[in-house]
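Written out below as structure tokens is the structure these notes cover.
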Amino acid sequence: MWRSCFLVAVLTGSVFPVSGFSNGKVTVACGDMMPRHGDGPSPDPPPFSITVDTASFTPGDNITVTLQEASSTRTYFRGFLIEARDAGKPNSPAVGSFLLTDPQESQLLQCGDTQGSGVSHRRDSRKTRIQAVWEPPNNPPQRVQFLVTVLREYKVFWVKMAGPVVSLHGATAAPSTPAPPPTSSAPPLSEPFSSAGCGLSKSCLRDPVGCHPESDPACFFLSFVTDQQGGSMTFELSGPAEGYLAFALSLDKWMGNDDVYMCVSDGGSVTISAAYVSGRTYPEPAIQQDLWGRAWRLADGLIQCRFQRKIILPHADGRFNLSQSYFLFLANGRSQHGFIHRHDRQPLISSNQKEITGPPEDLGGSRSPLLIKIHGVLMLTVWMWMVSTAIFIARHYKNVWPEKTLLGQKLWFQLHRTMMVLAVLLTAVAFTLPFIYRMGWSKHAGSHPYIGCTVMVLSLIQLIMGALRPAPDSPRRIIFNWMHLVTGTAGQALAVACVFLGVSQQALLLPSPSSPAVLAAWLLWTLLAHLLLQIHSCTLRREGSDRENICSAQSWRQQPEEKSNVKKMVFVVFLLGNTAFLAAFITTIASV
């Protein structure tokens, strides 16, 4: 098991070269030119420039394109992607083709239908200057603009930097740099959205359930209704967000191959756009003319937007037919200069598929996948209830039931062993569930999975040591006792730390600060119960003996039979308290 955990950690640390495309094979990013790194572009001005050796061209000419560091700044870049596009249609496919001048540092890509229409890095070495030669197509657009994405480090990059515009001979000249990217011309909304009619005249998805966007600033809200003509639908989206709100239509509960609609705050206005997500990648822009009737509102940290689209878009790739059934995703996150970052929380996902043009419904949903919920419930059951109870029995109740047996063994031992074996088995089951859900290692879970791996290993070591324990009169018994104590204590301490980290995981984000506070109360409850019984045992022994050091560890292990009703009452109260804490968490998990 430790080898498996070590291998997972090593493989996790090796993700960078693959996810970062250090070999330059970035064809997947040809459309939006956005690195698939899970982060947004740098907000700082780019310290690089892109230049050409001529301002005009005719078919058959060669234009030398140079990407280099700015003259005032000493820096470098590791990765890049250069394309030439129709200056009047910057979101159109790349035009023309490139020739390489340095094959050791650059390579050709097929962006669209033309081989060699893009140039990228071949390796992630530090570069200060790169050149390529562009050849116009036979029927070029009148004006061509060079665009470049430059990556200095994995999380430091600049997307779609605007380069010079070159003009076809005889065409009207254009400025060498374009105007800033257009923002939405949609008008602001005059008043907030309302939840009136949810389930009656329109379908709604809300978080928390039943919240009202007109009065609750923490309400995430999506509504949609078929227009009177029956050929289009109106969507309304509202919620607290620093940068953007988005919803997606999906055929399953996994991100990927989804029809996405985004409302992005950008410079005091909101850009409303459609996109398509293929896999866990940055959204690829779709045809924006398919949306109309756009309007937005920014107030008190809320983003609200409205738009319309046709139910059926016959010629739009990646756009879904709204007369079919889909799962609905609702997400929010940060944005910079119109580019969105990875969502801050797990998206809200509708519980069931919904026919978008179907009868109005007030939909329910959850931000936590079922497998992760089961993982949380099992781990809390094991470590909050089962393990703590088993340790409580072994530490304080050996001499309360000294003669009672069960299946040939002392009662306390059978209870302790049965609970611990079940604990290891349930921990193993719960341990596998996040890997099944993620289909691998989670890069965004922090130290939680690493500590979880360690707890799993220690649990298996405890199980193996218990099965191989020497006889009570064996000289090796003392070694077993100490190893059993140290391993068990370490495992329990790490498991408690893992639980505290677990309640703040994005995939199972429990209410804060109430959830950590309840966990702290449970931990204090457990420690006080142990302290109370230890004091009680010491008091009983003092009454029966005047020897010194009566409460030493050796005398504790040799304590005589105690027929204490107090201990039995404490045990019942302890079980009831643990059960109450566990029930509170299970109820909370079920509601998120």
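Just so it is clear, glycine is given a Cβ too, placed from its N, Cα and C backbone atoms.
The shown structure was predicted, so the numbers you read here are calculated from the model rather than taken from an experiment.
Taken from TrEMBL, the feature signal peptide covers 1-20.
What TrEMBL records for 11-182 is domain 'Reelin'.
Taken from TrEMBL, the feature region 'Disordered' applies to 171-192.
Marked as domain 'DOMON' by TrEMBL: 218-333. Helix, strand and coil counts under DSSP for the domain 'DOMON' (218-333) come to 3 helix, 70 strand, 43 coil.
TrEMBL lists 337-542 with the feature domain 'Cytochrome b561'. Per-residue pLDDT, averaged along the domain 'Cytochrome b561' (337-542), amounts to 90 for this model.
For 376-397 (among others), the entry in TrEMBL reads transmembrane segment.
According to TrEMBL, the transmembrane segment annotation covers 418-437 (among others).
Residues or ranges marked as transmembrane segment in TrEMBL: 449-468 (among others).
Long-range contacts of the transmembrane segment (480-503) within the same chain, counting only residues at least 6 positions beyond its ends with a Cβ under 8 Å from a Cβ of the stretch, are 376, 379-380, 383-384, 387-388, 391, 446-448, 451-452, 454-455, 458-459, 461-462, 465-466, 469-470, 509-510, 512, 515-516, 519, 523. Taken from TrEMBL, the feature transmembrane segment covers 480-503 (among others).
Per TrEMBL, transmembrane segment is recorded for 515-533 (among others). The list of residues near the transmembrane segment (515-533) in space but at least 6 beyond its ends in sequence, with Cβ under 8 angstroms from a Cβ of it, reads 384, 388, 392, 395-396, 496, 499-500, 503-504, 567, 570, 574, 577-578, 581, 584-585, 588.
Taken from TrEMBL, the feature transmembrane segment applies to 569-590 (among others).
For the transmembrane segment (418-437), the neighbouring stretch richest in Cβ pairs under 8 Å, chosen from 376-397, 449-468, 569-590, is 376-397.
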